[in-house]
């Protein structure tokens with residue numbers, strides 16, 4: 001149970017030797033997630049790693065940027081509070097998961113994300129950590145099959161020895177049963193890439209599926225449903241996907 005308490009919302013402080021590459025070439029402004037190029041780097045790195053999971057996965061989604069989650073991820077980073085935020089502060093139109101990272105020096109986003117992914121070395125897929133002390137929650141968050149969107153923020157916290165604080169949000173939040181994931185070490189289905197989505201596959205990842213659900217069977221039958229505010233609330237999939 002102690003292991004489960006720390007599994008999915010973990011904060012990382014990775015060794016300098018792992019992440020020192022090119023750190024001197026970065027400035028806080030260059031890492032700002034308000035920049036389109038930085039957003040693209042973060043999304044691209046996540047999708048690159050999701051394509052290379054081992055064993056291969058049949059149902060991992062191709063991730064996109066979430067602008068609303070970017071705002072609250074940056075707000076959390078700016079607070080310089082090295083702890084996970086409550087779920088209500090990680091909610092936009094979706095509830096979102098969270099990875100944290102702190103460093104005494106600036107680290108490229110791609111290296112931060114790679115560091116999270118590299119926790120796979122301590123994980124036996126479908127079973128759990130190789131040792132009780134192995135941290136694998138960041139990796140699981142990065143490769144969780146139903147991650148549809150990602151957004152991040154970074155801030156400088158001068159009063160903290162680990163003065164650079166990175167926050168990433170993953171939407172929707174992991175599939176929970178009570179307080180913990182029902183199958184925490186099965187982040188995806190181990191089959192050939194896109195085997196679960198042959199009609200909507202892009203370079204080994206499943207393309208966007210609808211994040212909403214219709215509440216009534218008649219939603220797709222009524223032409224005017226999306227023009228009526230009350231009906232639209234019951235037909236979110238029809239009206240927004």
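From the backbone N, Cα and C atoms, a Cβ is placed for every residue, glycine too.
Small disclaimer: the values here were computed from a predicted structure and weren't measured.
Sequence annotations record features per position, and here Swiss-Prot assigns signal peptide to 1-19. The annotation domain 'SCP' is assigned in Swiss-Prot to 44-170. According to Swiss-Prot, the N-linked glycosylation site annotation covers 118, 132, 175, on the basis of sequence analysis. Summarising the annotation, Swiss-Prot assigns disulfide bond to 194-201, 197-206, 210-241, 219-235, 226-239. Here Swiss-Prot flags 210-241 as domain 'ShKT', drawing on sequence analysis.
What Swiss-Prot annotates, mapped onto the structure for a quick look.
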residue : record                      : DSSP class
118     : N-linked glycosylation site : helix
132     : N-linked glycosylation site : coil
194     : disulfide bond              : coil
201     : disulfide bond              : strand
206     : disulfide bond              : strand
219     : disulfide bond              : helix
226     : disulfide bond              : helix
235     : disulfide bond              : strand
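If you take the C-beta of residue 239 (disulfide bond) and look for same-chain residues 6 or more apart in sequence within under 8 angstroms, you find 225, 226, 232. Working note on the glycosylation sites 118, 132: by count of other C-beta atoms within 10 Å of each C-beta, 118 ranks first. Note on the disulfide-bonded residues 201, 235: the fewest other CB atoms within 10 A surround the CB of 201. Considering other CB atoms within 10 Å as the measure, the emptiest surroundings among the disulfide-bonded residues 194, 197, 206 are those of 197. Proximity to residue 194 (disulfide bond), defined by a C-alpha to C-alpha distance within 10 angstroms, is shown by the following disulfide-bonded residues from 206, 219, 235: 206.
Its Cβ taken as reference, residue 219 (disulfide bond) is surrounded by 19 other Cβ atoms within 10 Å in the chains shown. When pLDDT values are averaged over the domain 'ShKT' (210-241), the model yields 76. Residue 226 (disulfide bond): 15 other CB atoms within 10 A of its CB, across all protein chains.
In this structure the alpha carbons, written CA, of residue 197 (disulfide bond) and residue 219 (disulfide bond) are 24 Å apart. Spacing of residue 118 (N-linked glycosylation site) relative to residue 132 (N-linked glycosylation site) is 17 Å (Cα to Cα, whole number).
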